[in-house]
Each structure stands twice: as structure tokens, then as C-alpha cells.
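S.K.: Pulled from Swiss-Prot, these are the listed features:
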COMPBIAS  334-354  compositional bias 'Low complexity'
CARBOHYD  N2  N-linked glycosylation site
CARBOHYD  N15  N-linked glycosylation site
CARBOHYD  N200  N-linked glycosylation site
LIPID     C322  S-palmitoyl cysteine
LIPID     C323  S-palmitoyl cysteine
MOD_RES   K296  N6-(retinylidene)lysine
REGION    329-354  region 'Disordered'
TOPO_DOM  1-36  topological domain 'Extracellular'
TOPO_DOM  62-73  topological domain 'Cytoplasmic'
TOPO_DOM  97-110  topological domain 'Extracellular'
TOPO_DOM  134-152  topological domain 'Cytoplasmic'
TOPO_DOM  174-202  topological domain 'Extracellular'
TOPO_DOM  225-252  topological domain 'Cytoplasmic'
TOPO_DOM  275-286  topological domain 'Extracellular'
TOPO_DOM  309-354  topological domain 'Cytoplasmic'
Amino acid sequence: MNGTEGPYFYIPMVNTTGIVRSPYDYPQYYLVNPAAYAALGAYMFFLILVGFPINFLTLYVTIEHKKLRTPLNYILLNLAVANLFMVFGGFTTTMYTSMHGYFVLGRLGCNLEGFFATLGGEIALWSLVVLAVERWMVVCKPISNFRFGENHAIMGLAMTWLMASACAVPPLVGWSRYIPEGMQCSCGVDYYTRAEGFNNESFVVYMFCCHFMIPLIIVFFCYGRLLCAVKEAAAAQQESETTQRAEREVTRMVVIMVIAFLVCWLPYASVAWWIFTHQGSEFGPVFMTIPAFFAKSSSIYNPMIYICMNKQFRNCMITTLCCGKNPFEEEEGASSTASKTEASSVSSSSVSPA
């Protein structure tokens, strides 16, 4: 084995020289240069600095503006809450531990950090799935006369929390476990060992299939069908400028959504699966650290894509930030009036996130 396994930890370094120490008790500067820990702390500070305001602003603006309190926006609020879970439960902890060079908060802190980071990430992931399904149901109309209402939104919220809990809770109660990973300053599911009594193998297979592959398939299916529906509508109305513009807007939005989804989750899932299927192989601490923090950056991508690209929310946000007046409202209003010169069966409001 090209690593050192101990009680509730796995260090990706063979202890031939005797320098490997528990990540709960000693700085891990023998793994990488101390400057790397400083860089990690600075990166987490950046995520906190950007992630907290944009997600808090999402909650505040929605509460302040009654017209934003729509059933679909419940899911967007859920997304913001999930991101705040990651900010407070994961980012602040990792920033603090990276400043010390090891997981100074001990086993309890590792469990809490791993749980909140996993819970927040999974709530966000399944919220994106609910959004994708809602867009597919409304635009493609597989069920005629379907209208997304408050009851549907509540069921969607319940599903996101249920699925997230089904992923984050088991390691706390003995099905797998949370251990320090990468540079040993943050905690995640144990992909690294076959520790007796924890059934890591079955949990990793379950997590990869049910909490990565299934969401990925659903998102690709829903947005793929959505894009086809817009193209079909545009082909049926070749002279409709509004429809052509809607097609371009939806195409851009879908491409950005899919790319962001893959950038956030595919590197982490791929590396975790490789480590799991090649246990005992040699890899460095940075090998798992970089993908893990790509996934954490979803707390910034999500609100930018799913909320800031929503014109109605953007106008309300500008109004709030500018103390009740939107300096761009008149210009946008004129543009909106000009764009409504021709009716269309598919409009940008029908295919935007909200």
C-alpha cells in the first residue's frame, strides 16, 4: 500500500521514514509545502467572501420582493440555503484548519465538516435536478396542462432534503465514515480504505450511482429535451424573431448549466472513483484536494447561473442594492416593449430558470 492507514485517517504517503503523523494532532507540512496550506486558506476565504453575500442576497431579495415568492423560486431559495450550509459548515472550517496545517478540530469536527459539506452539496445537486425536471415538465409538456404549483415545490424541497440526508447521514452512523482527505484539512467520505466494519465499498457504489450518475442522467435528459423543444418551435416559426432569440438564450443557458455541472462534480467523482477502484495505488495529497474544491466552488456557480441570469430577479436585486430604484429599468423596459412586437409559443420567460 502506498499510504499510511491509521485510526480514522489515511495519509497518502508510506511511513518508511517515520515522519507520518495523525492529521488530528500534528501539522501535515511534510505532505506539501506550507505555502500550499496558505493558498488553500486564501481560496476558502475567497469562496466565503463571494459565496456568503450572493447567497444571502438571494434570500433577502426574495423575502423583500413579493413577486419573487413563486413556487419555482422556493427551489432557488433552497439552493441558496444549501450553499450557505457549505459556506458556514464547510468553508469556514477548512479555512481555519488550513491555517493550522492539519485538522485541528479532531474527530467530532471532521464528522461535522464532512456532514455539512456533503449535505449542502447534495441539497444543491438535487435542487438542480428539481429545476431541470420542472423546466422539462413546463416547456415540453409530457403531461398536458401541467402547472408547477406550491404543492409541487414543497414536494421538490422535501425530495432534495431526503436525498441529501440519505447521502450525508450514513457515514455518521457506521455505513462508511468521514476522514480527512487530500492535504488533510477537510473531510469527506472514505474512498481510500476498506476499513473493517464500515462497509466502505458498498457505500461508495451506492453514493456514486444514486447521488451522481442518476442526477447527471436526469439533468442531461431534461435539458436535452428542453433544447429540442425550443429548436422545434423555432423551426415551425422561421420568421419569428422572438422565437429565434429565445432559442439562442436557452441554448446559451443550457450549455452553461451543463458545463458548470460537469466542472463542479465530474472531477471530484472521477478522482474519488479512481481512488476507490485503485486502492493502494500511489497518489499525492493534491490529487484529491483540487477536485474537492472544484466541487465546493458550486456555491458560487449556482446562484450566478440559476438566479443572476433570471431577468426578474436581477431587476429586483439591482433595485434592492440601489436603495429602491433601478437605474437600468427604463432602458430594459424599452427593450422589453420592442421585443414583444410578435407573439410566440416559446418565450424566454418560458424557458428561463424562473
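Cβ atoms here come from the backbone N, Cα and C positions, even for glycine.
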S.K.: Distance between C323 (S-palmitoyl cysteine) and N2 (N-linked glycosylation site) at the Cα atoms, whole Å?
M.R.: 59
S.K.: For N2 (N-linked glycosylation site), which residues of its chain lie six or more apart in sequence with Cβ-Cβ distance below 8 Å?
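M.R.: In sequence order, P12, V14, G280, S281, E282, F283 meet the Cβ cut-off.
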S.K.: Using a Cβ-Cβ cut-off of under 8 Å, list the residues of the same chain that are 6+ residues beyond the ends of the topological domain 'Extracellular' (97-110) and lie near it.
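M.R.: Beyond its ends, the topological domain 'Extracellular' (97-110) has Cβ neighbours at 8, 23-29, 34, 37-38, 40-41, 44, 178-180, 183-187.
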S.K.: What are the helix, strand and coil residue counts for the topological domain 'Cytoplasmic' (62-73) according to DSSP?
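M.R.: With helix first, then strand, then coil, the topological domain 'Cytoplasmic' (62-73) has 9 helix, 0 strand, 3 coil.
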S.K.: Looking at the recorded positions listed here (N15, N200, K296), whose Cα lies nearest to that of C322 (S-palmitoyl cysteine)?
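M.R.: Nearest in space to C322 (S-palmitoyl cysteine), counting only the recorded positions, is K296.
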S.K.: Drop a 10 Å sphere on every Cβ of the glycosylation sites N15, N200 and tell me which sphere holds the fewest other Cβ atoms.
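M.R.: Counting other Cβ atoms within 10 Å of each of the glycosylation sites N15, N200, the minimum falls on N15.
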S.K.: Look up C323 (S-palmitoyl cysteine) in the DSSP assignment and report helix, strand or coil.
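M.R.: In three-state terms, C323 (S-palmitoyl cysteine) counts as coil.
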S.K.: Identify, in sequence order, the residues in the chain of K296 (N6-(retinylidene)lysine) that are 6 or more apart from it along the sequence and have a CB within less than 8 Å of its CB; answer 'none' if there are none.
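M.R.: Expected: L47, M86, G90, F91, A117, G121.
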S.K.: Rounded to the nearest angstrom, how far is the Cα of N200 (N-linked glycosylation site) from the Cα of N15 (N-linked glycosylation site)?
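M.R.: Cα-Cα, rounded: 23 Å.
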S.K.: Among the recorded sites listed here, C322, C323, whose Cβ has the fewest other Cβ atoms inside 10 Å?
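M.R.: Selected from the recorded sites C322, C323 on minimum Cβ neighbours within 10 Å: C323.
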S.K.: Three-state secondary structure of K296 (N6-(retinylidene)lysine) from DSSP?
M.R.: helix
S.K.: On the DSSP side of things, how many residues of the topological domain 'Extracellular' (174-202) fall into helix, strand and coil, could you say?
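M.R.: Counts, helix then strand then coil: 3 helix, 8 strand, 18 coil.
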S.K.: Residues sitting near the topological domain 'Extracellular' (275-286): Cβ under 8 Å, six or more positions beyond its termini, same chain?
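M.R.: Sequence-distant neighbours of the topological domain 'Extracellular' (275-286): 1-3, 12-13, 28, 31-32, 36, 182-184, 191-194, 201, 204.
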